[in-house]
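Student: Before we start, here is the structure in question, set down as structure tokens.
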Amino acid sequence: MPAKLSVNLNAIAMLRNRRDLPWPDVRHFGRLALQAGAQGLTVHPRPDQRHVRFSDLPLLRALIDDEFPKAEFNIEGYPSEDFLQLCEEAQPEQVTLVPDDPSQATSDHGWDFAAHQVFLTDVVARLKAAGMRVSLFADGDGNAQAVATAKATGADRIELYTGPYGSCYDAPEKAARELALLGATADAAHALGMGVNGGHDLTIANLPALAERIPFLAEVSIGHALTADALEFGMAETVRRFRRACGELA
């Protein structure tokens, strides 16, 4: 089954926040993405609200509930108490936990699962008790022991950090090596019964090879490249192009 496409709206929100104006409207572009066949929406509400604002979350939750009940809402973030309360209020289908420092421009590494196992176990239990699926951001470095530790936290999935693979857009041999490591990490998770998501710097060009190497890839969340392409092709056509890259459309 092809990977589901979840459209990350942070870049849309960042553009909106350049002015004290309500456009571009994050909810409107979320609706366009879902109308074009995206299966979910992803947001990463950072503490300083420089991209998605906390006030966006109930609007996006209502959009999905009222108009696209089969779609999923995925909220990413570092599991601070404030973040966990946001998730408990918004009730996303999935929470993706990332080890970000608040000052980071973007997520750029996975969890050190050995160092944070106890902390993550408690957080995962809390979120799952509230009815949410939990995914943990993981380095795609082929470390099977790290994946086993992630499994031990009780998490349902890992999200492969695909940034190193995405950065090899002009270096095919290096891209092949990174893809092999991602595949090994995914295989380890799959063997343990975990679901596998992917995200970061995925594009129309590099997504097909990832989907071919990891045929059980459950979901990809894509924002930067998708938003950039939408400037040229429009949101609806861009979503269709990414769905084709996932193998969903012929």
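Each Cβ is built from the backbone N, Cα and C atoms, and glycine gets one as well.
Okay, these came from Swiss-Prot:
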type: ACT_SITE; residues: H44; note: active site, proton acceptor
type: ACT_SITE; residues: E76; note: active site, proton acceptor
type: ACT_SITE; residues: H200; note: active site, proton donor
type: BINDING; residues: N8, R19, D201, G223, H224; note: 3-amino-2-oxopropyl phosphate binding site
type: BINDING; residues: R46, H51, T106; note: 1-deoxy-D-xylulose 5-phosphate binding site
type: SITE; residues: E159; note: site 'Transition state stabilizer'
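Tell me what's around each of these sites.
Tutor: DSSP classifies H44 (active site, proton acceptor) as coil under the three-state reduction.
DSSP assigns E76 (active site, proton acceptor) to a strand segment in the three-state reduction. For E76 (active site, proton acceptor), the number of other Cβ atoms no farther than 10 Å from its own Cβ, over all displayed protein chains, is 26.
When secondary structure is read from DSSP and collapsed to three states, H200 (active site, proton donor) falls in the coil class.
Here the Cβ of N8 (3-amino-2-oxopropyl phosphate binding site) has 27 other Cβ atoms within 10 Å, regardless of which shown protein chain they belong to.
Using a 10 Å radius centred on the Cβ of R46 (1-deoxy-D-xylulose 5-phosphate binding site) and all shown protein chains, the other Cβ atoms total 21.
E159 (site 'Transition state stabilizer') carries a strand DSSP state (E or B).
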Student: Listing them in sequence order, which of the recorded positions R19, E159, H200, D201 have their Cα within 10 Å of that of H44 (active site, proton acceptor)?
Tutor: none
Student: To which of the recorded positions E159, D201 does the lowest count of other Cβ atoms within 10 Å belong?
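Tutor: Checked E159, D201; of these recorded positions, fewest Cβ neighbours within 10 Å: D201.
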Student: Do any of R46, H51, E159, H200 (recorded positions) have a CA within 10 A of G223 (3-amino-2-oxopropyl phosphate binding site), and if so which?
Tutor: H200
Student: Could you give the maximum C-alpha to C-alpha distance in Å for the residues N8, R19, D201, G223, H224 that bind 3-amino-2-oxopropyl phosphate per the record?
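Tutor: So the binding residues stretch over 26 Å, Cα to Cα.
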Student: For H224 (3-amino-2-oxopropyl phosphate binding site), which residues in the same chain are close in space, meaning a Cβ under 8 Å from its Cβ, but six or more apart along the sequence?
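Tutor: Result: N8, A11, D201.
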Student: Please report the distance from the Cα of E76 (active site, proton acceptor) to the Cα of R19 (3-amino-2-oxopropyl phosphate binding site), rounded to the nearest angstrom.
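Tutor: Here the two Cα atoms lie 24 Å apart.
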